[in-house]
Ligand SMILES: O=C(O)COP(=O)(O)O
Ligand SMILES: [Mg+2]
């Protein structure tokens, strides 16, 4: 259970609000095709999302989840990916069930809201607008807008400071080990969703305050506090 009623609710994007992997996978495969390399496919790409676009492209080029250094043709590959994803960002990406309803009720309840993602700012705002989420979010912070990515706590600490809310009064809602580590290091409360892109990680091992099956469960939890 959450230890306190949050004064700020911060949402992760990919894997928490939006199932973006089908379009990300398509753009990865377009990029690999341009380089004359075999396609990766959606199942593998799902395991590569969550650490920003540069890491995604390195993973796609090497097939390794923790690639060392910069693989050959990285810059060229990154440019191909950025172009392909910009063109196909919203072909098949969908909100997870309960997201719109949950966000609308949280906003109506007067809670300040933010989205903090490792996604590049070239894509974040457009995706939020195309999926109709922009009106529910008071602040959006993308991976390239902070010096450090999640799991580093900086994006969360800067976001809490932006609102003037103490980290201990702030809630991170995410799907991955990156979100959990960032939340713990920042001193945020943590809610996790069981879907998304956390691979085989056991959610309990990430020590969330609460696991919610959908974002629509959150407003009821807040009311109870
Ligand atoms: O890695 C990305 O591009 C985005 O990941 P996030 O929205 O889950 O932080
Ligand atoms: Mg995520």
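Glycine residues also receive a Cβ, built from the backbone N, Cα and C atoms like all the rest.
Source: prediction; values computed, not measured.
Annotation source TrEMBL lists active site, nucleophile at 12. Other Cβ atoms within 10 Å of the Cβ of residue 12 (active site, nucleophile) number 28 in total over all chains.
Annotation source TrEMBL lists Mg(2+) binding site at 12, 14, 175.
Here residue 175 (Mg(2+) binding site) is positioned 7 angstrom away from residue 12 (active site, nucleophile), judged by their C-alpha atoms. The Cβ centroid of 12, 14, 175 marks the Mg(2+) site; residues of that chain outside this set whose Cβ lies within 8 Å of it are 13, 15, 16, 17, 50, 117, 174, 176, 179, 196, 197, given in sequence order.
Shown in sequence order, 12, 14, 15, 16, 192, 193, 195, 196, 197, 198 are the residues of the chain, 6+ apart in sequence, with a C-beta less than 8 angstroms from the C-beta of residue 175 (Mg(2+) binding site). In the three-state DSSP assignment, the secondary structure recorded for residue 14 (Mg(2+) binding site) is strand.
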